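Record features (TrEMBL):
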type: BINDING; residues: Ser114, Gly115, Ser116, Leu117, Glu135, Asp163, Asp181; note: S-adenosyl-L-methionine binding site
type: COMPBIAS; residues: 272-285; note: compositional bias 'Polar residues'
type: REGION; residues: 248-304; note: region 'Disordered'
Amino acid sequence: MSFVEYSDFIQDGDVAIVYLSHDSMMPVKVQQGAQTQTRYGVIRHSTDLIGQRYGSKVTCSKGGWVQVLHPTPELWTVSLPHRTQILYTTDIATITMMLELKPGSVVCESGTGSGSLSHAILRTIAPTGHLHTVEFHQQRAEKVAMEFKEHRVDHLVTVRNQDVCKDGFGVTGVADAVFLDIPRPWDAVKHAKAAMKKQGGRVCSFSPCIEQVQRTCEFLADQGFEEINTLEILLRVHDIRTVSLALPDFGPDPSAQTPPDANEEAPPPTSAPNHTSVTLKTTTPPREIPGHTGYLTFATKPRT
């Protein structure tokens, strides 16, 4: 098992994702002889997980069932243990695209936090790229380094416990892209420029407040960055529902009727209109949607 390489069967030591429902998932470290409690009962790792195919349906001790999925960055984002606020797939997809990441890219990141974006970056730059990630908080840095090792991507990442605003990223002239998610990103702009390769590169800063964005843009411009732009991603998910709609009754069609003979009696009027309905699937927008998460500011280092 690796977050960047797929394997068919669950093995001892893997990290698997137990799928309970579309809004309830949990990561499980698979270990011989271990058990995991769920609301559907106990999952016994030795008999229920090890040797089974990823994607298998597992019956728990109470008779309910779950599915065991191969870990991916997307599944990790919705199931990881939160040590900080994290980035979600909507922003992550835009970041990886706008930073022009690809296999072999070298990326600098600060701060690491819970590692949500880090896993997506690693999957994108594998197998020959490298991520240099900086985390100010010592315990968080140690925890995420351990997770990278458990997820078997530690050969693609270097974790540093230091203050990026004072000490930089620990590398110079190698990065194709830099990502900043810190309270004062403008203090790290010079270090970001120093870490980037001489032949250009892209930088992204994530900030929740527009005042942070304004100051960061000023420092990016002062350092000679070009193509500075800021955007915000808002997601609106439509619900699919089955509805029944009544068809209107416009009465008889006059053009299709022949006038009655004068000697014939007119038919009595229908006592009740014949209302019919049609059943169809439609989408309905939610009454409320998640609002602002943060502003994404992108810029390009000019080629020198």
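Using N, Cα and C of the backbone, Cβ positions are placed for all residues, glycine too.
In TrEMBL, annotation is done automatically, which means it is predicted and not curated.
Our reading of the S-adenosyl-L-methionine binding annotation (Ser114, Gly115, Ser116, Leu117, Glu135, Asp163, Asp181) yields a largest Cα to Cα distance of 20 angstrom. Take the CB of Glu135 (S-adenosyl-L-methionine binding site) and look out to 10 A: across all protein chains shown you find 27 other CB atoms.
When the neighbouring Cβ atoms lying within 10 Å are counted for each of the binding-site residues (Asp163, Asp181), the highest count belongs to Asp181. Counting every protein chain shown, the Cβ of Leu117 (S-adenosyl-L-methionine binding site) has 26 other Cβ atoms within 10 Å.
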